[in-house]
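Report on the following structure.
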Amino acid sequence: MSEQQSALFPTYARFPITLVKGEGSRLWDDQGKEYLDFASGLAVTNLGHAPQKVKEKLVEQLGELWHVSNLFHIPNQEKLGQLLVDNSCLDAAFFCNSGAEANEAAIKLARKYNAKVLGKQRYEIITFHTSFHGRTLATLTATGQDKVKEGFHPLPEGFVYAPYNDAEALKGFVTDKTCAIMLELVQGEGGVNPAEPEFVQEVVRLCKEHDLLLIIDEIQTGMGRTGKLFAYEHYGIEPDIITLAKALASGFPIGAMLGKAKLREAFGPGSHGSTFGGTPIATAAGIATVETMLEENLAGRAAEMGDYILSELHAKLAGNPLVKQIRGKGLLIGIECTLPASEFVPVIHEAGLLVTAAGPNVIRLLPNLLVTREEVNEGIGIIADVLARKAAASVK
Ligand SMILES: *Cc1c(COP(=O)(O)O)cnc(C)c1O
C-alpha cells in the first residue's frame, strides 16, 4: 500500500515487506516468503517469535484478569519486580509501557531525588553524542542527535551532551547544576558503539565525587542481549538507576525503571504513575520471559554465540574493502561499512535475512538469544555474499 493511501501517518520509512507470521528465528511475509530474523523487532524478541512459555503464561492470564488500576495491589507486578531486583544490584522497580517512559521516569526521579531528598537545586543531566533515549519531549532532548529534535522546539531545559568514550572531556561538563549522568553501555541506535572501560570508570568516579546519580539506559542492552543479563555487569559497576523495555516481555509492551533503595523516598505516593504500567498481562509476559532467560542461562548463551559470530564475520568478511570494522558485545553486533547501510540492508532482506541499520554506516545484527549455529552460519553466508557482490560491483 502506498503511503498516500494509508490511514497511518507516514512516520516510518517502512521496508516493502509485510510480515504475517513468526516462529523462533523465522518470519514469513504475506507472499509466503521465509526470512531468517536477525532484527528481532529491534532487540525485542530475545526469546524468538511466539515463545511457548510466554504464550502459555499469557493465555492463562488472559483467562483470569487483564487490567486493574495501580490503585490496587498487582501480584504479577510484585513478582516481576522481585525477579528483577533479585537478579540486579537495584532494589525497587517502577513499571511503565515503553523505553521512553522508563527513561522519562528516570529523569523525573533524578530531579525529584535532588530536590526532595538532597535538598539541592540541581537538575542537569549529562548525556552523550550519538546516544538514543526515546521520542518523548524529555527523552528526545536527552538524545544526543540533532535530527530527532528538528521542529520540536522549545525543548525542556537541563540536558548537556558530552563526547562519548572521552574520559578526559567529561569532567568539564559537570557543573553545580548537574544531578545525573545518563549512558548507554553499548550505543544501539547510534551505531553499536561499546563504551570503553576507562571511560565508564571515569563516569563512575565523577558520579561519586559530585554525588551524581548514574543512570544506565539498558533498554537495548538489557535482558541478556550483550551476554550478561544487564550490560553494566561487564564493567563491575553499580548504577543507581537502570531502564528496561524492549525484550523484557518478549514483545508485549512494557517498560521498567529500577533504582537503588535510597531513591524510594523520592518516588512516594502521587509522585509518578501510569494507567497501564505493569498490568497483570504485561507483567505475566515479563515473568515468563525473565524466568526463561534465567533457567536456560540465555545471557551465557548470547555471550558464546556472539563470540562465534564475531569470529565468523571476521573470517568471512576479511579483505572486503566495503567493511571498515566489526564490533559488538554478545548478540548486539555491528558491521561498519564504508558506504551507507541503506545500500546493503534491502539487498540482504531480498536474500532472505532481516537486519537493520544503526548510525549512518552500520549493519546491525540482533539475532534472538536462542539462535542456532546453523542459523548463524546461514545468516553470515547471506551477508558475506551480498557484501562480496557489492564490492565486486563497485570496482567495475
Ligand atoms: C529503543 C530505545 C529507547 C526507546 O524505547 P521506546 O520503547 O521506543 O520508547 C530508549 N533507549 C534505547 C537505548 C533504546 O534502544
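Here the Cβ of each residue, glycine as well, is placed from N, Cα and C on the backbone.
Annotation comment: TrEMBL describes GLY99, ALA100, PHE132, ASP217, GLU218, ILE219, GLN220, THR275 as pyridoxal 5'-phosphate binding site. Taking a C-beta cut-off of under 8 Å and a sequence gap of six or more, GLU218 (pyridoxal 5'-phosphate binding site) has these contacts in its own chain: LEU185, PHE230, ALA231, TYR232, ILE242, THR243, LEU244.
Following the DSSP three-state reduction, the secondary structure of ARG135 (N(2)-acetyl-L-ornithine binding site) is coil. What TrEMBL records for ARG135, SER274 is N(2)-acetyl-L-ornithine binding site.
Residues or ranges marked as N6-(pyridoxal phosphate)lysine in TrEMBL: LYS246. The Cβ of LYS246 (N6-(pyridoxal phosphate)lysine) has 28 neighbouring Cβ atoms from other residues within 10 Å, across all protein chains displayed.
It is GLN220 that, of the binding-site residues GLN220, SER274, has its Cβ surrounded by the most other Cβ atoms within 10 Å. A simple Cβ count within 10 Å picks out one of the binding-site residues ALA100, ILE219 as the most packed, and that one is ILE219. Least crowded of the binding-site residues (GLY99, PHE132, ARG135, THR275), judged by neighbouring Cβ atoms within 10 Å of its own Cβ: THR275. Considering only the residues assigned to pyridoxal 5'-phosphate binding, GLY99, ALA100, PHE132, ASP217, GLU218, ILE219, GLN220, THR275, the longest pairwise Cα distance works out to 25 Å. Rounded to a whole value, the Cα-Cα separation of THR275 (pyridoxal 5'-phosphate binding site) and LYS246 (N6-(pyridoxal phosphate)lysine) is 19 Å. In this structure, the binding-site residues that sit close to ligand 1, with a C-beta under 6 angstroms from any of its atoms, are ASP217, ILE219, chosen from ASP217, ILE219, SER274.
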